[in-house]
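Here is the structure we will look at.
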Amino acid sequence: MHGTVSRSSSSSNMTDVSSPAGGAASPVEIATSSSTAATTSASASSSKPLTNGANKTAISTAAGVTPGAAPGPGCAAIPASGSSGNQVKLEHHYRQSNNNRPAGSNRSSETKLRSPAGESDGASRLMTPAGSSSSPSQSPSQSQSQSQASIQTQTSQQDRLVKAPSTTASQQDVDEVARLFEEKPEAFEKWLTERAPPEALSRLQEFIENRKPHKRPSVTSDLFQQWMAASPTVQQKSPRSLSNSSASSLPECRRHLMDLDEGELFMELIRDVANELDIDVLCHKILVNVGLLTHADRGSLFLAKGTPTNKYLVAKLFDVTQKTALKDAVTRASAEEIIIPFGIGIAGMVAQTKQMINIKEAYKDARFNCEIDLKTGYKTNAILCMPICNYEGDIIGVAQIINKTNGCMEFDEHDVEIFRRYLTFCGIGIQNAQLFEMSVQEYRRNQILLNLARSIFEEQNNLECLVTKIMTEARELLKCERCSVFLVDLDCCEASHLEKIIEKPNQPATRAIKSADSFEEKKMRNRFTVLFELGGEYQAANVSRPSVSELSSSTLAQIAQFVATTGQTVNICDVIEWVRDHNQIRAEDEIDSTQAILCMPIMNAQKKVIGVAQLINKANGVPFTESDASIFEAFAIFCGLGIHNTQMYENACKLMAKQKVALECLSYHATASQDQTEKLTQDAIAEAESYNLYSFTFTDFELVDDDTCRAVLRMFMQCNLVSQFQIPYDVLCRWVLSVRKNYRPVKYHNWRHALNVAQTMFAMLKTGKMERFMTDLEILGLLVACLCHDLDHRGTNNAFQTKTESPLAILYTTSTMEHHHFDQCVMILNSEGNNIFQALSPEDYRSVMKTVESAILSTDLAMYFKKRNAFLELVENGEFDWQGEEKKDLLCGMMMTACDVSAIAKPWEVQHKVAKLVADEFFDQGDLEKLQLNTQPVAMMDRERKDELPKMQVGFIDVICLPLYRVLCDTFPWITPLYEGTLENRRNWQDLAEKVEMGLTWIDHDTIDKPVEEFAACADEEIKDIEFTVTTLNCNQQSQHGSEDSHTPEHQRSGSRLSMKKTGALGKAVRSKLSKTLYNSMDGSKPKTSLKLLESHVSEDMDDKSPTSPSQPQASGSMGRMSASSSTSSAGGQMVDKSKKRSKLCALL
C-alpha cells in the first residue's frame, strides 16, 4: 500500500505514509498537530517542544541512532547520534527555521517514530490516527485530550521509547533501534529514497550539515572558491551578477527601494556594494545606485591605470542607465575602450586636481567633448564629475553622472553631498575589489608557474614540447598576439680558441678582442640555431632552424640578437623609433604590423645567455607594462631552467652511454686472459701445509706470483666452497687471476697484501676455530671480501682523496676507497666468466653480497672505531651466541680489521720488512701532498720525520692492534698467537724507539732498510770498521781556563733528542734512558757489541788520563772524539776489571 499524504487548512493536520505489507517499514512518523496539542504532548515526548510565536514544534529524537542504521521498534524523530547535544543542535536549527518563517504561517509538526500493531519486526509507518483532526471550534483542552489519547494507543514498544517526563531515551530503547537499523539498513534506505516526506528529508539534511565541522567565516572565501572553480569565461562575470543581468529584472528587484526614505535608501545601497568583490559588478551597482540616489539619467566610471609618471583613466563602464544590463555595459566598454590621460577633458581634470566639477550647461564648457553625443544622438546638459579616492587619498577612479530625471536641469548641493558621501564608501569597495582581482590573478599566475615547474620534470627529454608549453602559457596569461623563443648555439659558445683561429685565419693569434669589433664578436658567439614561434590562439607552434641570412634580414631576430649580446631586457613601445636609435640593428623586413615588443634574455644556472624570449603586441594594442615584464621574467626563468635541465639530461644520457662503453672496455681488459686461465686450471695445487696456510706466521716472501694464486685456490678447496656452492673450477681460476690483475703495483696495498689478509682469515677460521661460528655462505663471503678489500688501491688513503677532490671522493662521500673496492669487486663478478656466485639462489646471492659489502667497508678504520664499542660491550657482557644478524655483522667486522692489520703480528724479521713497505707508501703520499696540495703532511707520511716511525708504530699497536687482539683472544682463545706476536713486536718497536730517541741507533737511509739489531745483536761476529761517535757527556762544564777542549767539535747544545753523531751533548732524560738501556743489556755472558765498544772507549780514555796531567785539568770532564774500529777495540783491551769499567761508565752517565 502506497503512502497517502493528507493536508487540511485546519489548525491541526497529520501526514500518514504507510508501508506495504511485508515491505520495508517506515522508521519515522511525522505527526502535524495544532499548537495546543503540541504543547500537551510535550510531557509525553522525549524532547521539549520549541515555540515560535503561535507555532509550536515538538521533536522527539531517539539517542544513538545514525542516519544509515536500520529502524528498530521505537520512537524517534530523526535518526541521530547518542548524545543529547546533537538533539539540542537539531532543535536549534529547527528554531532558526521557524524564526525565518513569515508571520501568520500556521504550520507546526510533531515528529515521532512509532510501530503499528501487528508488525513484530519493529517496522514503523507514517500514519494519521483517526480523530486526530480537530475542527476550528474545538477548545484547546479538547484538542489536548485527543492528542493524549492518540499517544496512549501506541504499542508497548513505542511506550518504552516515549515516556513522560523523561527527556532522553533509555539505553534499552537505543539498543532496540540500533539493532533494527543494523539488521535492516536497506529498509531504512528504501524508505528514505521512496517514501520519506520532503520536510523530514530537509530536517535530516540540516542535522547532517550541523554535524559537519564549520569553516571559518570569511567574506571572500565562498566567492573566491566559486570564482576559481568556474571556467575562464565565467570568471569574467560575477557569480552573483548573472541573476540581475537582464534589463527587465533590474527595476523589479529595486521597486521596493522606492518606498524607503533617504537615510534607509542610502544605507541599503551601501550594503548592496559593501561585500561585492567583482569589479565589473561593483562598478555597475555603483552607477545604478548613484542614479537612484541623485535621480541621474546615466553615468560613467573610470579607473586609474598606468605608472606614477604616466597615469591615465580607462572607462570601466560608460553611459550606464538604471535599465542597462551588466553584460551589455561590459561588452560595450570592452569593445570601445576609452583612455583619457590625466589633465585632459573633464574626467582627466578631476583626476589630476582631485576636485569635483559640476557643470550646468555642458556645451558651454570648453572641456566637454561633444563627439559622444553626435554618435549616440543623446544631448548632455548637466554633468557632475567627482574623484574616487582610497584611504590614502590617492586617485583610483572618477565617477561621472549626466542629466537629472526629476525635472531639474542641474545637480544641486544636496546631490553633490550625497554623491560625495556614497563615493567615499565606493572607494573602499573598489579598492577591495581590485585587491581581490589581483589575488585571483596572482593565484592563477602561481598555478601556471607550478604547472610550468611540473612540466620541466615531465618534459625533460623533449625540449620542443617544453618550450611550446611555456610559450602557450605566457601568451595566454599576458594576452599577446605572438610569442617567440630563440635558442643560442651552445656548441659555438664553447668552441675552443683554436677553432676560432681556424675560422678566422687572417686574425692575429691573440685572445684580445678589439673594442670596435666587440659587439660583432659577441654576436658571433651568441648565434641562434633554433627558433620557436607561436602565433594566434588556434595556431600550432612552429620550430625551425633559421639560416644566417634569415636572421640578418629579420628585425625581430636582430632585436633578439641585441638582447642576447647585451644581456638586457628591452620593452619597446615604438619599434621603428627604437630601431632608428640603435645603429647595430640592420634589418631589411617590414615591421609595420609590430607595435610593441617585450624581449628578455634566458639564462642558465651559470648566468650564461642560452636564449631569448620575445613577446609581440598586446591584444588590446597598449604597450607592455612593468607588471607584464615581471611576469614574463618568471616565464624566462622557468624557460631557462627547463632548457638547462633538458640539456643536462641529454648530457647525462651521453655520459651514461660513455660509461657503459668504458665499463665494457674495462671489463674486457680487467679480465684474465684465456691462456692464463687454462694454465692455472691445469696446474697442480699443493697441500695447505706446503704453503703454511694454517699458521699465523705465514709469509709470502718465498712465493712466486703463480704460487699465490694456487694458495688461494687451496684455501677455497680446504673450506669445501668449490663443491658446496658448485663453483666451476675454470670460473674460479679466472676470477682469482682477474682479481690479481686489478691490483695496482703499489708498494704495500697490492695483491700480496690481499693474499696475506685472506690467509689470516683462513687461519682464523681453521686454526682459530672461528668457522664454527660461521655458515658456509658467510665463509665464502669473508674470503672473497679479504681478496677484494683493496682492489684498485692507488697508494693513497681516503683523506688524500677528499683533499684533492678526486672523482672518487665526489662519488663516495664516506669510506671513499672502501666503496670503490667493493664496486670493483662487483664489476669483476659481473664480467663474463668471472661470476663465482652464478650457482647461488637469488636469496643466497643477496646474502653473500651483503656479507662482502659489509666486510669490505669494515676495513675502513673509521668503521672499526664505530663498531668497536658495541663489540666490547657484547664481550664484557659474556656474549657467546653470535648468530644474530647485528652480532654476526660486528664479529665479521672485527675479524676483517684483525686480518687487515695482521702484519703487525708476524715474526719480527717479516714485520720490519712490511713496515718498510708501509712507510715507503706513506712517504710517497706525503710527497704528493707537498707537491700537489702544498701542505705539510702528517708525521707518519713525512719523509723528513722518518726517525719517528718506531714511536708511531708503538702508538698504532697500543691504540688499534693490542685492544682488538686482546678482546678477540679473550673470547676466542684459539687466536692467541695474533695477540702474542703483536706483543712481541711491540717490545721490539719500543726498544728501537728508545734507541732512536737517544740517537744511538738509526741508519741514515731513505727507508727502513736495516734495523739496528742487524749490526748490534751479534757479539760473536767480528766487527768491521763501524764508525761510532761518543760525545762529551759533561758538556756544560768548561775548563778552568774558560775554554772548551780543542778536540770537542762545535755544535748546537740545545737539543736533547739529537743523535750522538750529529751533536756533542746528551740531555738528562736521554742519559737516564741510556743508563737504563745499558743495565738492561747486562743480562749475563754476552753483552751487546755496542756496549762493549762504549766500555772500551771509556776505559781507554780513563786509563790515558792522569790526575796530575797538566794538559787535562781535573775539573774538566771532557772526552776526546775517537773513532772505534776493530783494531782499536782489540788493542784497547787492557787488564781492567769489567765490573769496574761498567761502574765508571755508569758514574759518568
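The backbone N, Cα and C atoms fix where each Cβ goes, glycine too.
Together with His789, Asp790, Asp900, Swiss-Prot lists one candidate of His644, His669, His753, His820 for binding divalent metal cation 1, that being His753. For the divalent metal cation 1 site, the Cβ centre of His753, His789, Asp790, Asp900 serves as reference, and the other residues of the chain with Cβ at most 8 Å from it are His749, Ala754, Val757, Cys786, His793, Thr859. Calculated from their C-alpha atoms, the gap between His749 (active site, proton donor) and His789 (divalent metal cation 1 binding site) amounts to 10 Å.
There are 25 other Cβ atoms within 10 Å of the Cβ belonging to Asp790 (divalent metal cation 1 binding site).
Mean pLDDT for the domain 'GAF 2' (462-643) in the predicted structure: 76. Applying an 8 A CB threshold to same-chain residues 6+ apart, the list for Asp900 (divalent metal cation 1 binding site) reads Val757, His789, Thr859. DSSP assigns His789 (divalent metal cation 1 binding site) to coil in the three-state reduction, outside any helix or strand. With every protein chain in view, the residue among the recorded positions His749, His753, His789 whose Cβ has the most Cβ partners within 10 Å turns out to be His789.
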